[in-house]
Amino acid sequence: MLPKIFYLSLLPAALGHPHLQPRLDNGLARTPQMGWNTYNHYSCSPNETIVRSNAQALVDLGLASLGYRYVTTDCGWTVADRLSDGSLTWNETLFPKGFPALGKYLHDLDLLFGVYQDSGIKLCGSPPDNVGSLYHEDQDARTFASWEVDSLKYDNCYSDAATGYPNVNYEPSTSPQPRFANMSRALAAQNRSMVFQVCEWGIDFPARWAPALGHSWRIGNDIIPHWRAIYRTLNQAVPQTSFAGPGQWPDLDMLFVGNDILSIPEEQTHFSLWAILKSPLTIGAALKDDNTSINDESLQILKQEEVIGYNQDSLGVSASLRRRWTEEGYEVWSGPLSGGRTVAALINWKDEARELTLDLPDIGLQFAGTVKNIWDGTTAQNVKTSYTAKVQSHGTILLELQDTTASGQYPTDTFATSTDSSTTFESIYGVTTSFRYNITVKLSEASSSGDVNIQSTASNKTITAQVSASGTEASAQIPLLAGSSNSITIVSPQSVDAITITPPNGTYFPNTAFTTTGDADTVSCGAGYCQPVGSKIGNISTNGTARAVIPATAGTKYLAIDYINNDVAFDSAWDWGSNSRNLTVSVNGNKPVRIEVPLSGQHSELFGPGKGWWDTATIGVLTEGWKDGDNDVVIGNEGGESGFTSYGPDFVGLRVL
């Protein structure tokens, strides 16, 4: 199996290794919650007729039976003042029958009653003012329990006392954690279990504290009604997927499927990624009211049972980003499912339909007995090394892979043909061009002969491998080219059962081996951070680079780049903020390879060590132009002046495979 460095990964700091955090465990949300919410379509203007009509539609359209059961009335349901006894009440003009009656209506439909409140003095969407729960948590929790509420979405507006309770403050004077903790404790004291949805907009890296308080946490700012919001949200999800698990789910925000905002392929991408990242699936479209009905194509996306199954899978492990090809306009996410299955999503970011190929080793596999293409509705059998399919502009190839073999494993009966003493293996994958791949040949029975001959199409040389003392294996180093078109021929007096190939470890070059130019400079980090070096080069820009002379052999080389990015899009999320930074790698003056790296920070951007700028991640990129001997390698941000980010990520080091 390929080492972890081949994929995008996050390097744990010596302090606070990411893992499942202590979590609120009241038996709820063992899988991500599913339902419907008023906000994405009706904004802060809900009413009783709207909620009842859409709730009935959940049942009539077959959505409730698939798991969409939490029905939440978002902002705009209450009034400016509390009752004389200090308790919350509803807007009687909008909800003439009242909230308890609304809850009963939902329960009679076998649905669940969700309400919305705020950890500040007013609800988001004020004015007109709607009173919030700050300083009234215990009383409001009792009220919710008396109304037989099943879930609470708890927002973050008008909450920072030190700055006069502004509508929004993305840099509050203190962490929002204590305010959410107060409501969590108040809910826990009631004789009714309620799902608690922490909606803090990603402030203060809530993945580290929200699981102890609630069942889900918002990973970032609101989703906006634009296709670009999908990319921004996924970039923010990258450092948070490892925190997902039963009872603690990263909330990517409500769905825009069926809102007539996105194309059908875009909706498929949106729904696929939210599902496999284990986000709560909350419909934000108008399903049915006096003026609107959801279109059938979008409805069928929301009802896709296999995709829902990936979201609700009992294993409860989020997919993660495995590789990204920025200039080519695609990337792959994957994760494990119960029953030994794997789910993978290949996203086409380009504005054109085309064919894309998934190399299975990029998701840790070499072979799949069955590959189900969910949106295409096709199934392929006995897929070796690579899978190719057509995909629409902004669409996703969503795959379920079954009966798989780990990467680097090549059984003869699957990958090879034999004649006499010669066995030829096809579809051999190389992540990089190198002469240092390790091959182990497994023989069917013990051999008294001392040698096995190996020929790779990457070289015209025959390599002789000595059989081990047991007589059942022979090992050697062999060359492979980057890609999936390599072949290997084994000549042995004994038949060959299988071969195992592991890629080279490569050589690591820390940032301290690089010289800086222009504005770029070297910065020391706190003990145990900026792993594995302890320092980094910052201020990489169009006129600030990191440069090194690196000895290597000729060919196409895979680089595993250690970087840091905690440039979180808060205010800019409403515009073109993407949570990414632009990085370029140039080898020997050739055209640079460009990659947009996602966030890496796993600590608070406000109060954490290094404000999250000491947390390293690794991303891989394939580079050309290498020659035998010394190579001039430049890490920069070419194009930063042309609409990309002005500064690149901080650079920790790189490994050349």
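Going from the start of the chain as shown, residues are counted 1 onward.
A Cβ is built for glycine as well, from the same backbone N, Cα and C atoms used for every other residue.
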- line: Answer for the disulfide partner of Cys124 (Swiss-Prot, candidates Cys157, Cys199) is Cys157
Task: Give me the Cα-Cα distance between Asn539 (N-linked glycosylation site) and Asn291 (N-linked glycosylation site), rounded to a whole Å.
output: 53
- request: Please list residues from the chain of Asp204 (substrate binding site) whose Cβ is under 8 angstroms from its Cβ, counting only those at least six apart in sequence.
  value: Ser175, Pro176, Gln177, Ser604, Glu605, Leu606, Phe607
Task: Please report the DSSP secondary structure of Asp222 (active site, proton donor), reduced to three states.
output: coil
- prompt: Residues near the substrate site, Glu200, Trp201, Gly202, Ile203, Asp204 excluded, by Cβ within 8 Å of the Cβ center?
  reply: Asn156, Tyr170, Pro176, Phe205, Pro206, Arg218, Gly220
Task: Determine, from DSSP, whether Asn460 (N-linked glycosylation site) sits in helix, strand or coil.
output: coil
Statement: Keeping only the recorded positions of Asn47, Cys124, Asn182 whose C-alpha lies within 10 A of that of Asp155 (active site, nucleophile) yields Cys124
Field: Mapped DSSP class for Gly202 (substrate binding site), helix or strand or coil
entry: coil
Query: Around Cys124 (disulfide bond), how many other CB atoms lie within 10 A of its CB?
result: 23
